[in-house]
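Engineer: Shown below is the structure under consideration.
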């Protein structure tokens, strides 16, 4: 009882009827401390939260000139809602305060004619709300004072105006800040695409919109006529297509094969068709890409066949191609160059005394390795032998060269690293020894040299120092092929499996099973792995799914292509085709772009393709 009387005296001293919710916050803190101390008194038999309650608290302030919406905990200076409810529960339990609440409401009802603004605050346990009764003064003082303020405001400099508004806003409450924000938001919005050309800055508007993708560019065209004009005059659809051609090999290859690359990268707009041409071209390109992807998934293709007609012994051990030609190494010791369009043999290079087991070429030279233990360098244009390297003791099984460095491997279990200053100036840098069986394949980049052997291991060496780094173990039989790029190594083995490795940590990421015999050749890009085996089959795998440990094994093989009648020795592929060679003395071109309409409508089996066009 004494505590309640003390609390009432304290409330009367604070002036409950004239609370100011901003300036009297220190008083609320004291009030909260008293209320919480009353509720936490051990002598109290009833706990404040023994039963749910709803507390309605009405406070009237005749001096408050603005509306304020803040949390209840802030009104009472409490750190959280529980403390504020304790304080309010204590106040509500006091009879004198209840009378004060009722009196406040009655006085508010009787002062409707007062020129002052009245604010009613309602607080409840579950929700809080503000009930505002705002009355404009009837006399004209406000309008006169407002006009006078505006008059002074207009006479100030911009910096003074900003400083004054900042001070003014700092004196307002959160509720008023919200109204100001709603008022300013539309004023701050600018149609810069329309405004920039008005200032003679069309190129800036075009540059901004040039970063949009196709979907966003379509939406931008529908904003207004001015946006559509900027897109059209800026040739933004042309720029979008050019950007895709520069960054995506699929787009670049498609532009060359479809012929629309002739309309791109023109310096003067008058050199090409209007924007509408590119606007209609873009969906056609997308349709082409979707068709290609569908053909890969469904196995629809146009098949072309090259009969190599070897004289003594049949078999095409290796090949490489570009848009104009295919160069192949044959079991009959020769190298044949084929026209990729007519499929006619353009040239035959002879000189090796054994089967040509591996080759690689660039714009200057062809480098070949043979079972005669030599490496030969040929002029790619004339076919003349420029150099012969004699180092290995047995057959040269594989080789790679790039940026002045060449790596060869042999049946003699060694790996040779060569410096290529020129086609005629090739010197041996280092011999890498470590494998216990024939080294069947090598690959490298600026960081690592990777080799695979019949000893069931993959070894990693430093490219710069030629020092051994690590061994990748996992295959159960000898390894016949691999490809290495970035951190990924993909290998094929005579255990009939394909393995994916992380070269940095040596972990095996996935094992692909499906071939029935030795996996002889393998290649991959960003989307697919393509493998060929001694079972005569070529399999297309989903690389991204293979790298996902959650993907079921049954979903990894997209398609199996069966046309070779013998072992598949070598293959390469790009976004549009696979070119493979076999023991059956043929080279097959699997074209997924130029598929006949009849084949497009065919329903394919999941394991075999049937389209065949003999050339």
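One-based numbering along the chain as shown.
Using N, Cα and C of the backbone, Cβ positions are placed for all residues, glycine too.
Unlike curated records, TrEMBL annotations are generated automatically.
Feature table excerpt (TrEMBL):
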- 1-15: signal peptide (SIGNAL)
- 202-240: domain 'F-box' (DOMAIN)
- 309-348: repeat 'WD' (REPEAT)
- 349-388: repeat 'WD' (REPEAT)
- 389-428: repeat 'WD' (REPEAT)
- 432-471: repeat 'WD' (REPEAT)
- 472-511: repeat 'WD' (REPEAT)
- 512-544: repeat 'WD' (REPEAT)
- 561-591: repeat 'WD' (REPEAT)
Engineer: Have the repeat 'WD' (561-591) and the repeat 'WD' (309-348) got at least three CB pairs under 8 Å, pairs 6 or more apart in sequence?
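Structural biologist: Contact between the repeat 'WD' (561-591) and the repeat 'WD' (309-348): present.
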Engineer: State the residues, same chain only, that lie 6 or more residues beyond the ends of the repeat 'WD' (309-348) and have a CB under 8 A from a CB inside it; answer 'none' if no residue qualifies.
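Structural biologist: Residues 256, 354-361, 366, 368, 370, 378, 383, 566, 569-570, 572, 579, 581-587, 589, 615.
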Engineer: Which sequence positions outside the domain 'F-box' (202-240), separated from its termini by at least 6 residues, show Cβ-Cβ distances below 8 Å to it?
Structural biologist: 191-194, 196, 263-264, 269, 272, 274-276, 278-279, 281-282, 286
Engineer: By Cβ distance under 8 Å, which residues at least 6 away from the ends of the repeat 'WD' (349-388) in the same chain are close to it?
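Structural biologist: Result: 313, 315, 317-320, 327, 329-337, 394-401, 406, 408, 410, 423-424, 426.
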Engineer: Based on DSSP, tally up the residues of the repeat 'WD' (472-511) by helix, strand and coil.
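Structural biologist: Residue counts in helix, strand and coil order: 0 helix, 25 strand, 15 coil.
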Engineer: What parts of the chain pack near the repeat 'WD' (472-511), using Cβ distances under 8 Å and only residues at least 6 beyond its ends?
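Structural biologist: For the repeat 'WD' (472-511), the list is 437, 440-441, 443-445, 448, 450, 452-460, 517-524, 529, 531, 533, 541, 546-547, 549, 556.
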Engineer: DSSP helix, strand and coil counts for the repeat 'WD' (309-348)?
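Structural biologist: Grouping H, G, I as helix and E, B as strand yields 0 helix, 21 strand, 19 coil.
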Engineer: Average pLDDT across the repeat 'WD' (309-348)?
Structural biologist: 93
